[in-house]
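To start, the structure itself, in structure tokens.
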Amino acid sequence: MAVATQSLEELSINAIRFLAVDAIEKAKSGHPGLPMGAAPMAFVLWNRFMRYNPKNPKWFNRDRFVLSAGHGSMLQYALLYLTGYDSVSIEDIKQFRQWESKTPGHPENFMTAGVEVTTGPLGQGIANGVGLAIAEAHLAAKFNKPDAKIVDHYTYVILGDGCNMEGVSGEAASFAGHLGLGKLIALYDDNHISIDGSTDVAFTEDVSKRFESYGWHVIHVKDGNTDLEAIHKAIEEAKAVTDKPTMIKVTTIIGYGSPNKSNTAGVHGAALGGDEVALTRQNLGWSHDPFVVPEDVLNYTRKAVERGAGYESDWNKTYADYKAKYPQEAAEFERYLSGKLADGWDKVLPSYTPEDKGLPTRKHSETCLNKLAAVLPELIGGSADLTHSNLTEIKGKGDFQKGQYQNPNIHFGVREHGMGAICNGIALHGSGLIPYGATFLIFSDYMRAPIRLSALSQAGSIWVMTHDSIGQGEDGPTHQPIETLASLRAIPNLTVIRPADGNETSGAYKVAIERAKNNAPTLLAFTRQNVPNLAGTSIDDVAKGGYIVVDTDGTPDLILIGTGSELSLCVTAAEKLKAEGKKVRVVSLAAWDLFDAQDAAYKESVLPKAVTKRLAVEAASSFGWHKYIGSEGDAVTIDRFGASAPGGVCLEKFGFSVDNVLAKAKQLLG
């Protein structure tokens, strides 16, 4: 094919392909197959349909684009460069996959303006997309008026065979179909190739029928390599279907244009090699040097800048009219978008004294959620089919269902993994919504990827985890977390808080809400069983991670360190030791990372180096505790699986009793 016969659209599509090929060749690393095969569908979408403003990547009413098949990241970087985003220059493309570049191996929303979510682990992106679409539907139902639609945008996702093999995509797609999210459109790059070769070796189901059974509208574009009009008509049709999401199956050839590697696994995840690049240039009629895009092509693709300015200008006029007619709603909408919390929001968090009835911290959590929801209507979330165990319902506010998108209570069903990724999508919508997702702490293992990605991608999700220890009881070791807290505490940028009573639960929510507004996730671990309200606990001191709950005159002989339900054991043991003339301090270490972040003087004031006799008490693994107890300390912990018995029996049998804490303390004291 000669260059002269190609239209500007065809040249633009080849520009995408060769920016990807050249960047991957220079890096000697990457995945050229998807960008080469999916370039036509991506360009038709970005050039003819998507509404966005390259000069204002955070314009609120933009359409959201998610590359769920994140390994094909050069597809997105090429699009950002060609359409005029300042975040990706040709120099950035040359630095693909290099140290501190804005073009990392997989898309990272915190590195590259124009990237909405961090993708890479396959299937996360389509589930994030469901979250983005939920956010749009919720805000539209809350704020739009018959004469003014200020929330009106689509979520587009490109996903691949690998995404569709992953369980999380099935969870999320099933849920999206149930909800009838009509502004969610997924383009499935159906190229039949995975790393191991043809997908025939492992993946032979009818994906279209599967999505139809989920309640999606399904369209098939048989030639995704050259039939641009078929792609156009499919997206047009998808937008016309408003009562259900649409999956457009676009059959493509992976590595399209490569004479010897197209339609093979060899083009999936490795550079083409110099000889094959030259042959591909010849085959596709691309005579330009590496990283060179002809001026006429750039002029054409960068018409997106003018279009985008127009889209935003039109929306600004719509919003100005809305604000004039509905000033109260506009003020609240602007508060959402600004990330500002309602004045005095934290004053609703309850405080407790020892005279108040002891309750499970999950019950205190329910109280906090409902108090907060009354002043922070941006809270939205729910449980993975454990609403009445996790106690996460916002009472009197209704369920988020098809036709009832204004309501905040989401029933995620038994879909922990999907729930996590959906919550991240809601958080990363950029509209001030605060999502929360709940399950038993042990089942955080089912959603570890999205919990980790919330921390990596700076998503302000709140993870509400109940039944946090062997105190869970009769369900037995399959449901009793042991190593779970340690593994979660190891995730960078994730704050894990295990509150001891009502005051600390209020403090935990205060931290979680503030972190959410600062684009950081928090995991809260709550008890199934009752715990007493303690005299020395503090709402505000939870933010320090660790603080003194019970103190003594002078230098302590012993420091007892506890979290959650075991803090009360420490307090009671300290009282008994005090009666025997011992000087004992009790420290709550509810959030390790928050304590670690305090200055050295504060940490020394709580855990002085001179006091080496320290005893940690936590109904979880000992892993990580030696940082705080030192080589001369000890721990009452559990480093084996639990057992099926009433929770109190489990705790007693495994040594979580005042008597055992006393015995261990006396051993340390000599």
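In case you wondered, yes, glycine gets a Cβ from its N, Cα and C as well.
What Swiss-Prot records for GLU416 is active site, proton donor, and it gives similarity to another entry as the kind of evidence. Residues or ranges marked as substrate binding site by Swiss-Prot on the basis of similarity to another entry: HIS31, HIS268, ARG362, SER389, HIS467, ASP475, ARG528. Per Swiss-Prot, the feature thiamine diphosphate binding site maps to HIS71, GLY120, PRO121, LEU122, GLY162, ASN191, HIS268, PHE443; the stated evidence is similarity to another entry. Sequence annotations record features per position, and here Swiss-Prot assigns Mg(2+) binding site to ASP161, ASN191, ILE193. The feature site 'Important for catalytic activity' is assigned by Swiss-Prot to HIS31, HIS268, with similarity to another entry given as support.
If you take the CA of HIS71 (thiamine diphosphate binding site) and look 10 A around it, the recorded positions you hit from HIS31, HIS268, GLU416, HIS467 are HIS31, HIS268. Counted within 10 Å of its Cβ, the other Cβ atoms near GLY120 (thiamine diphosphate binding site) come to 20, all protein chains included.
It is 12 Å from the Cα atom of HIS268 (substrate binding site) to that of ASP161 (Mg(2+) binding site). SER389 (substrate binding site) and PHE443 (thiamine diphosphate binding site) have their C-alpha atoms 13 Å apart, to the nearest angstrom. Taking the mean position of the Cβ atoms of ASP161, ASN191, ILE193 as the Mg(2+) site, the remaining residues of that chain whose Cβ falls within 8 Å of it are GLY33, GLY160, ASP189, ASP190, HIS192, SER194, THR199, THR252, ILE254, HIS268.
The full span of the recorded substrate binding residues, HIS31, HIS268, ARG362, SER389, HIS467, ASP475, ARG528, taken as their largest Cα to Cα distance, is 48 Å. Neighbour counts were taken as the number of other C-beta atoms within 10 angstroms of each residue's C-beta; across the recorded positions ASP161, GLU416, ASP475, the minimum falls on ASP475. For LEU122 (thiamine diphosphate binding site), the nearest of the binding-site residues by C-alpha distance turns out to be HIS467; the candidates were ARG362, HIS467, ARG528.
Long-range neighbours of ARG528 (substrate binding site) (same chain, six or more residues apart, CB within less than 8 Å of its CB): PRO360, ARG362, THR466, HIS467, ASP468, GLY471, GLN472, GLY473, GLY647.
The two recorded residues, GLY162 (thiamine diphosphate binding site) and HIS31 (substrate binding site), have Cα atoms 14 Å apart. Proximity to ASN191 (thiamine diphosphate binding site), defined by a C-alpha to C-alpha distance within 10 angstroms, is shown by the following recorded positions from HIS31, ASP161, GLU416, ASP475: ASP161. For the binding-site residues HIS71, HIS268, ARG362, HIS467, counting C-beta atoms within 10 A of each C-beta gives the highest total at HIS467. You'll find the Cα of HIS31 (substrate binding site) roughly 14 Å from the Cα of PRO121 (thiamine diphosphate binding site).
In this structure, the CA atom of GLY120 (thiamine diphosphate binding site) is 35 Å away from the CA atom of ASP475 (substrate binding site). Take the binding-site residues PRO121, GLY162: by the count of other Cβ atoms within 10 Å of each Cβ, the lowest one is PRO121. Neighbour counts of Cβ atoms within 10 Å were compared for the binding-site residues ASN191, SER389, and the top value is held by ASN191.
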